[in-house]
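Here's what TrEMBL has on this protein:
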type: TRANSMEM; residues: A:6-25; note: transmembrane segment
type: TRANSMEM; residues: A:78-97; note: transmembrane segment
type: TRANSMEM; residues: A:109-131; note: transmembrane segment
type: TRANSMEM; residues: A:152-173; note: transmembrane segment
type: TRANSMEM; residues: A:179-198; note: transmembrane segment
type: TRANSMEM; residues: A:227-250; note: transmembrane segment
type: TRANSMEM; residues: A:262-283; note: transmembrane segment
type: TRANSMEM; residues: A:295-318; note: transmembrane segment
Amino acid sequence: MNLLDTLLRCVGTLVAFLVLPLVVGQTEHKVMAHMQGRLGPMYAGGFHGWAQLVADGVKFVQKENVVPAGADRRVFQLAPAVALLPYLLVLLVIPVGPDGMVGQVVDAGIFFVLAVMGIGVLGSLMAGWASANKFSLLGALRTAAQLMSYELPMLLAAASVAMAAGTVSLPGIVDAFHWWWVPWQLIGAFVFFTAGLAELQRPPFDMPVADSEIIFGAFTEYTGLRFALFLLSEYAGIVVLCGLTTVLFLGGWHGPFEDDLGWLWTLVKTFALAFVVLWLRVTYPRLREDQLMRFAWTVLIPLALAQLALTGIIKVAIS
Amino acid sequence: MGIPGSGLAKGLAVTMRTMMRKTVTAQYPDVQPDLPPRTRGVIALLEENCTVCMLCARECPDWCIYIDSHKETLPAADPNARARTRNVLDRFAIDFSLCMYCGICVEVCPFDALFWSPEFEYAETDIRELTHERERLREWMWTVPPPPAHDPAAEEPKEIAMARKAADKLAAAAAAAAAAAAEAATAEEGGES
């Protein structure tokens, strides 16, 4: 019985991991197109191009898998997996609904999640270093620099929520959530979400993959399925980031009929945030490297510290 | 500038508004485009009207109209009259790989033998196929739309204006004559009584 339960949770997480990023990707196609006055894919699958990403996947599989002659073969081939798998692990511990509707309860949930998400960046670093290509290397080092600056505000913002809830377990945080946490932790939510975007290298923080200057950053030398895995890891990252923001700042499964429809609330909130991610991508141009760094160190970190102080003061006042 | 970040919010509003609006994409092969009247798609030939005057071929800026003809002698209708000759069209072809769609041929044709048709789907895989011979040009004639109605506020066409003026003048003359006759009749009656 216990084995069956474990198996069921693993399969459920895997299915979510394979389906949700594709849904986000398809939504990106459509939302971006409509925001630019276009229709986007219309043919694949018959109805409004719903199978566009499936078609893309088939195309990627057919392509030749090239490993450059000067590349560090093993590291080069391993990099996409290193980029992708951390998000699968994080997805496992994100609570979806009440009463243990989660892949695996981890007591130190926030620590686990933030630590494992950091590994994803290692994937692009490995890719960039192993490619033996100057653009890849530039992209990888920009990724590293970006991670260094944005991991800190993200951690501080998460710490603020942990402080408010008095626990670092993700289901525990959602259990402790009250509606007035939203205004209380608003700054923290902004910092967490923005820093998360930067860590995923989503526009407007896509300096490391700036395709108009350094081709595609660390992924320049990748083709075929490995490149598709990098793309998939970006969308998986969006799902994970939005899921985490939902759990930490928007109350996860809380909402009307939360006992029956808790999982739906989590999904709805996650997708609303994913829409914001796409919206920001369409709206804003890319930040320059120095602007990127200045934003992290002079805006996000002070804001995160201010949020931490505010949380502490109110926590002491109400207890 | 105002409130800091108002520019960022404005940017978000622009993309959101665009998303709510109807897209401008034309789904061409599935949905035919809504073409304006007088669209220049292809040139059609009404060969019954052609007198082989060669004006179109001579005016064509890139010489893409090919016309061959021969003279035919008609037997005289009357033993005292001379036999008449007339031109018979042998070949009329337009090479659409050269044509620049200026429409000068359609403009200069004095006998209304050339027309614009809105059909535009006649791409070929061989450039030589783009030379449309007279049969093909005659077929395009079926796709020529009737001329669009005049603008409601437009000036009257010259012919109609002149005809109306003449008719008005005639009607006025007739009315004047009738009035004069009626007056004469009353005067006569008055004289009798």
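The backbone N, Cα and C atoms fix where each Cβ goes, glycine too.
Residues 146, 149-151, 153-154, 156-158, 160-161, 164, 205, 241, 244-245, 248-251, 254, 273, 276-277, 280, 292, 296, 300, 303-304, 306-308, 310-311, 314 of the same chain lie 6+ residues outside the transmembrane segment (A:179-198) yet bring a C-beta within less than 8 angstroms of a C-beta in it.
Away from its own ends, the transmembrane segment (A:295-318) comes close to residues 149-150, 152-153, 156-157, 159-161, 163-164, 184-185, 187-188, 190-191, 194-195, 198, 287 of its chain (Cβ-Cβ under 8 Å, at least six residues beyond either end).
Long-range contacts of the transmembrane segment (A:262-283) within its own chain (CB-CB distance under 8 A, at least 6 residues past either end) are made by residues 23-24, 27-28, 31-32, 35-36, 95-98, 101, 193, 197, 202-204, 238-239, 241-243, 245-247, 250-255.
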